[in-house]
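**Q** Pasting in a structure now, in structure tokens, and then I'll have a few things to ask.
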Amino acid sequence: MRKKLSLLFMALFLFMGVPQMAQAAEYPYEVEVNLTQNVVTVYKKDAAGNYTVPDRAFVCSIGPATPTGTFRTTDKYVWRALFGNVYGQYATRITGSILFHSVPYYTMYDKGSLEYLEYNKLGTSASMGCVRLTVENAKWIYDNCPAGTTVRMVKNNNPLPIQPEQPQKLNIYDTKLRGWDPTDPDLANPWHKVLPDHARMESINVKSARSSFAVDAFYGGGTYYLTAEDAGKVFAQLGKTLSQPVQPADTIHAMGTTQITYEGKTTEISYCIYEGKTYYKLRDLAGATETDISWNAQTDDIVLSDGEEPNWFNRVFLRRNLAVEISA
């Protein structure tokens, strides 16, 4: 009888333990919303399983009713009715009536009805209490942070571990473009035929313990893009082999999203087509390969690193070659 009871307790222990282990594996990220700085920072796990590694950051807008505290996400909606007879895309519930979502639209399902004046307020306190994001960033949370993801809402002026890309400012007099979020991946988005702000080519010096070389990078909208060939060379310095991204079928659009597969995992990445060449967003490539990316303000370097303790042998430095101006 004792043997049977022991086996029963052991089975119950194992049964109870399985969901806990599965649950821990289900949450690849934790999210921190800084209400003071209007920035969302996403953290991934370190080697010990703690969420200490900054992965990406988004500009957001919060409001007077945005609470502080720690919460777990619940419901998700592709479209959601919001306060004030407006609607948001890619909503994820944080707590109560507080959601992550896009900047509001006047009409549900009409992606060309964006509240463009509100879009230009991203980075300031502008919502009733929800956390507003670009469509791209709201969709990223919707796609990558399952129900139960921890969200910490804090107030402080501490230095940010990652500086977020600044969103495009909309020309309120441009009736063709102002009604669309520039980051919306929908192929009907007219922004996909328009290059991002300050679009230009730049020469970038790449340096690592393995070698040094230069690549021509496309720069636009506050971020860098590389060709598949050059990206392969850069990530090879970290011992990572990039597959060829899925070539965009629609070459009419100057911007869009496609997919890349790395070690069996397929990830959506952004691209730009400039003067007939396709360039892929460096930050997205880093995310797809689980490579840390940061900016060293003192040396003006972009730093790619792999490993818990970055050193000369697991880092790659990318620095703009100021002596070479390819095109403006």
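Every residue number used here counts from 1 along the chain in the order it is shown.
Placed from the backbone N, Cα and C atoms, the Cβ positions cover glycine too.
The annotation signal peptide is assigned in TrEMBL to 1-24. TrEMBL lists 29-154 with the feature domain 'L,D-TPase catalytic'. Annotated active site, proton donor/acceptor per TrEMBL: H101, in sequence order. Taken from TrEMBL, the feature active site, nucleophile applies to C130.
How buried are these features, and what lies next to them?
**A** Per-residue pLDDT, averaged over the domain 'L,D-TPase catalytic' (29-154), rounds to 97.
There are 26 other Cβ atoms within 10 Å of the Cβ belonging to H101 (active site, proton donor/acceptor).
Long-range C-beta contacts of C130 (active site, nucleophile), restricted to its own chain and to partners at least six residues apart, with a cutoff below 8 Å, comprise I62, G63, T66, L82, G88, S97, I98, L99, F100, H101.
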